[in-house]
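A.B. asks: Sharing a structure, written as structure tokens. Questions coming.
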Amino acid sequence: MLFNSIEYVILLVITLGGYWLCPSLKLRQWVVLLSSVYFYMSWSNAFGFMLLVVIAANWLLASKISKTKHRPWLVFACVLNLALLCYFKYMNFFLENLEYAARLKDPDFEIGLLNVILPLGISFYIFELISYQVDVYQGKIEHEKNIVVFGIFVLFFPHLIAGPICRAGQFMPQIHILQKFDGARFYNGIYYFIAGLALKCGIADGLATFVNVIFKSPGSYSGLDNLMAVLGFGVQILCDFWGYSLMALGAALLFGYVLPYNFNNPYGSLSIKDFWRRWHITLSNWLRDYLYIALGGSRTGAEWKTQRNLLLTMLLGGLWHGASWNFIIWGGLHGSALVTNRWFDNAKLPATIRSILRCPPVAWLLTMLVVFLAWIFFRAASFSDAILIIGRIVTPIEGWSVTKLAPLFFELLVIYLPLQWLVHKTTYQFDVTNSTAWRAALGFATLMIFTCIYYVDGNDFIYFQF
């Protein structure tokens, strides 16, 4: 049940109707919880039951942690959650690398891989559960004694599959409130949802058509085609994930709930440090608060330890995205850039060099070079493909061709730039009484009608053949 499917819209409308028609808080909580369970069960009954067991186990463990404040209970809860994540997400990755290492001595050595399917959203809800256990242990929040409220915190369907990663201290108090219908907040939710749908279907899915073809066989295309595919993927992943996050924010607002904002114009960043304050903000904050600080952060007393902590945090952050060496390299590139960024801030450089590097156009260009270089490893099917793409891009300019550029430039320049600017400028201060904002919302609605006409499966424009 995808966010941009009619099934999701039907579930959302039915749940909203039941939610706002219920006069009591408890009934509303049950409506949201049952709808969220149904949403996840629509993907997989088995994983749905597993998630319910995980929620119950974490609720009981948090109760024990709250009462005893014994660190071993916290360690047990974290290990249990991480073991679940590692089994489903990383076990085959570990076995593949173990087999590769063993074959260096014995070419006939073979380890059978497990038939493991990754449960949807497991990386997100495991992080939320770990942060909850840590916050309860540290006394930042009280343990939630109502398991229904705790279940909604984890299962709330607008953010369950891909975030944003919520904190219990921010979200749970809202679940305890009997929300009064607020027309402005409700219409803001509609606006967010439409804006996210426009970014996802109007831009990300359109760019995917071009990007997927190039990345599938980068050696068959010119350096310029590969470069445009890398740039296109950078735009695609932003619009895809930002669009999802906006739709999640919008759907939550329809219930009166406010979820954390996840993106703030990351491609306007002037440093890697600034980029990670703007890109996937809830993940960045989680990695900072529950991993970087746990490793010692910048309070270690030695600069090399701080740099080590930065690099380790980003390497693990890369691994969190997927069980692949390419994701680890992606994290390592960002970690190395953050270490370099920190060194630059502390280094005694000549004033001329420092002023040049801090000049906004130069700082922006250097930042984007790192970001988009890292995207190559993030998107490429293998390490060898990533190296091939880089090799193609740095080929002499006379070997470049322009055979694939027209549709990409249409997407990138004619649609993406004004739409991205409009969404960024209006999502924070959208006002239903503002006629300009309503015109923007109407524009998004028009775009969605256009998208629905031309799309069948969310990727290919089928009407272009006519």
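Each Cβ is built from the backbone N, Cα and C atoms, and glycine gets one as well.
The feature transmembrane segment is assigned by TrEMBL to 6-25, 37-61, 73-90, 111-127, 147-169, 190-215, 235-259, 309-333, 362-381, 402-424, 436-456.
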A.B. asks: In the same chain, which residue numbers or ranges, 6 or more beyond the ends of the transmembrane segment (73-90), come under 8 angstroms Cβ to Cβ?
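C.D. replies: Distal contacts: 54, 57-58, 61-62, 64-65, 116-119, 122-123, 126, 129-130, 133-134, 137, 319, 322-323.
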A.B. asks: Against the transmembrane segment (37-61), which of these stretches has the most C-beta pairs under 8 Å: 6-25, 111-127, 309-333?
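C.D. replies: Maximum Cβ contact count belongs to 111-127.
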A.B. asks: Who are the chain neighbours of the transmembrane segment (147-169) in space, where the CB to CB distance is under 8 Å and they lie at least 6 residues beyond its ends?
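C.D. replies: The answer is 11, 26, 29-30, 32-33, 35-37, 39-40, 51-52, 55-56, 59, 120-121, 124-125, 127-129, 131-132, 135, 140-141, 175-176, 241, 244-245, 247-249, 251-252, 257, 259-262, 280-283, 286.
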A.B. asks: Determine which residues of the chain contact the transmembrane segment (309-333) at the Cβ level, with the cut-off under 8 Å and only residues 6 or more beyond its ends counted.
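C.D. replies: Contacts of the transmembrane segment (309-333) (Cβ under 8 Å, skipping residues fewer than 6 from its ends): 89-90, 92-93, 123, 127, 283, 287-288, 291-292, 295-298, 300, 339, 342, 370, 373-375, 377-378, 380, 382-383, 386.
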A.B. asks: Counting CB pairs under 8 Å, which listed stretch among 6-25, 111-127, 190-215 touches the transmembrane segment (235-259) the most?
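C.D. replies: Per the Cβ count, the answer is 190-215.
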